[in-house]
Structure formats: structure tokens, C-alpha cells
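Asker: As annotated in TrEMBL:
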- 34-62: transmembrane segment (TRANSMEM)
- 83-102: transmembrane segment (TRANSMEM)
- 108-131: transmembrane segment (TRANSMEM)
- 143-163: transmembrane segment (TRANSMEM)
- 169-189: transmembrane segment (TRANSMEM)
- 201-223: transmembrane segment (TRANSMEM)
- 229-250: transmembrane segment (TRANSMEM)
- 258-289: region 'Disordered' (REGION)
- 276-289: compositional bias 'Basic and acidic residues' (COMPBIAS)
Amino acid sequence: MQQKDGGGVGAMEGLVIGKRGGCWIADGPMNSYFIELCFLCLLCFSFSFSAAGNAFGLFLFLAPIITFKRIIVKKSTEKFSGVPYIMTLLNCLLSSWYGLPFVSPHNILVTIINGTGAVIEIIYVFIFILYAPKKEKLKISGLFAFVITVFSAVVFISLFALHGNSRKVFCGFAAAIFSIIMYGSPLSIMRLVIKTKSVEFMPFFLSLFVFLCGTSWFIYGVLGRDPFIAVPNGVGSALGTLQLILYLIYRGNKGKNGKTTTEEESMEMGTAKPMGGEELKGDTPKDTC
């Protein structure tokens, strides 16, 4: 090992040690190997959390299947609301567009899960429109046209008016806003839980997957230094945590009249209203959006 007092530089087995700014640093082949190893570890962690986010996101998108099975069997949407499916569809469309390589590089898994979610939500919306009453049919059809208009406008502007980082920022803001709206849709049911002190209409597994999905994508966004993924999913993680806390507090209450939650209601995304039997005291819960 050689060392010079002036620069504090030495060499041993290809490792160069120097003193810069009063601090000892390592440079040379070993340092580059260490940096590459750290980078690979970061990529592995990022991929792991994005893969987990995809899995939990898929559970979220598939959660209403039992509800729509009930709608098809009864040929009626009953008291269910179609608004959350419309909002989720818009979020999926914008997020899948944001994840494309020419908009936001290295986010293709974002496109895969949200593209899959968009297909699932479109099926939900069409089934809902098919069996909804005339007034609700017109409402959801109008909202569906609004979703397509907004998405088309974002695509057109980002393709022909914006380029580079400005395109990413514009699409990222649009996707983040509607992601927060989607995650915020259960807020009214959380209010109902606090008011009635009952978790009858806030299913545990849905709350759990909201937390897991939001947390996974939040960590992915932090590792990738992407605020448009980290911020909305951080909000989703926080709201999922609040839902789990509420469930922990009121888990012993399944409704004042002792009625147990049906399988279909337990899978609904906080949009089902109490039907039949004794009405809950206070205001009727509003449709979520």
C-alpha cells in the first residue's frame, strides 16, 4: 500500500483511497462494483414492490365480481352505485397512459396493472348500464362519456402539445389526482362506520388490500423517486390504515339489528346501502364517488 500525505492517496489490490474535503473516500474498481451492487439491489427491491402492487391491485379490481354476479342474477343494480367504477376506470386509463415508456420511462408495470384494471372496469360499467334503471343508466352513460372525453383530451395534449419532462409532469398530475379520488371513495363509508359504530358495510379484506396495494406502490414510487406514484399511493396507504384501525375498533359490531353481512355486500367497495329490514338511524349514506 502506498500513501501520499499531500493528497492522502493510496492503492492496494486495485482500491484507491483518497482524502477529499477532509473525508476518506474509496475509488476504483472495487468502488464501482459496490455501486453496481447497490444499484442492482435497488432494482430488485423496486421490482419486488411493483410486482406486489400489481398482485394487490388485481385483488382490488376483482373484488366486486361477486357484486356483479348478484346484479346479473337479479337483473337489477338495486341500490348499488356505479360511480366508483367510473372513477376507477378513469384512474386506470390515466395511470396506464402515464406508465408508457414515451411518457414515463421504467414504469411499464404501472401500465400493465392499470391496463388490466381498465379492461375489468369497462366490463363492470357495461354490466351496470345494462341492468341499471333508466335514470341511473343515463347518469352512468353520461359519466362514461365524460371519462372517455377527459382521457382523450389528456392523450391528445400529451402527444401533440407536450414533449419530454413536461409531458411526464402533465400526465403524472392527471393520474395522481384521480388516483387520490379513487382511494378517497370509501371516505363516506368510513363516516358511516364511525356514526353507526358498525363495520357491517366496510369489508376487512377490501380495506386490507387497499392498504397493501397503496403501501407497495408508495414504496415503489419512493425508490424510483417518482412523486406521481408515491404521493397518491401514500394517500391510499394512509386511508387503508385508517380503515383497518376503524375495523379493529368496531370489529365486534355487525349491525345494530344483529343482521350479518351477506357475501355480496362484504365484497362491495363501500357502495352498498342498507336494504330491507330496519333502517339505520340518521342520514342514508350517500353514493361514493
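Even glycines carry a Cβ here, placed using N, Cα and C.
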Asker: For the transmembrane segment (201-223), which recorded stretch in the set 83-102, 108-131, 169-189, 229-250 gives the largest number of Cβ pairs separated by under 8 Å?
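Answerer: Stretch with maximum Cβ contacts: 229-250.
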Asker: May I ask which of the stretches 83-102, 108-131, 143-163 has the most CB pairs under 8 A with the transmembrane segment (169-189)?
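Answerer: The stretch with the most contacts is 83-102.
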